[in-house]
Amino acid sequence: MLMLADPGVLNGYLDSEHDTWSALVERHHLDVATHACSTYMDGLSRLLPCATAPVPLEALNSTLARLTSWRLVSSAGMVDDTFLFRATAEHQFPVASKVRSPEELAFAALPDMFHDVYGHVPYLLTPRGALAHRMFGEVARAGGYAPTLVQQLSTLFWFTFEVGLVREAGMVKVLGAAILTSAEERRNVGRGDGDIMPFDLDAVLETPFQPRSLQPRYFLLSKFSEIFVALKRLAPRRPR
């Protein structure tokens, strides 16, 4: 790794940020093996050798280029929905460069680099995870990024790839990145502090969400492929 002039900085990140990252990774490894869905775990196994420490996006992209056609683009954290879907339509995904503070180990109100890299990137390294992300962008593009459609897609994305749950082999598994990268959000699900509802697209679209706090409601997919069914329902109809 490249050492910069400041001995307290490695690859552009402070020693304290490396320490926070290491603590997050250790905690993550202890929890996700039993709680995460299989698609996520498949992608995580490919990601792990590349993400042992925070690194500049150029370096991470160079490594990921051997694994996927997707590229990561820099963001400030919470991104505009249209920006997100324009990116995913082009095989790009926004990633924050900031690492959360030590006080945010269990829960960070805003997306940080750990959330994006460990929560979302594994899906880009699997065929159906990457396809689902691309379809969000393609549906938005087909609809001309109309505000109503973008809002519907944003709500669907939130209740699937941010705070979604999915049933696998009769067990409830975590799908969403916000749960996967937050110990407090995982406890919120495990304690039953948030309602878990069967996935229904109409109900999802009518449910307001709270991006900066623990969730009062989660939706449980019966299988991962329900995401594709929902996206096809939202896709603009082509004239015959």
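Residue numbering: from 1, along the chain as shown.
Just so you know, glycine gets a Cβ as well, placed from its N, Cα and C.
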Of Glu90, Glu162, Glu168, residue recorded by TrEMBL at the Fe cation site of His115, His120: Glu162
Listed in sequence order, residues not in His115, His120, Glu162 with Cβ within 8 Å of the centre of the Fe cation site Cβ atoms: Pro111, Asp116, Gly119, Phe161, Gly176, Ala177, Ala178, Leu180, Thr181
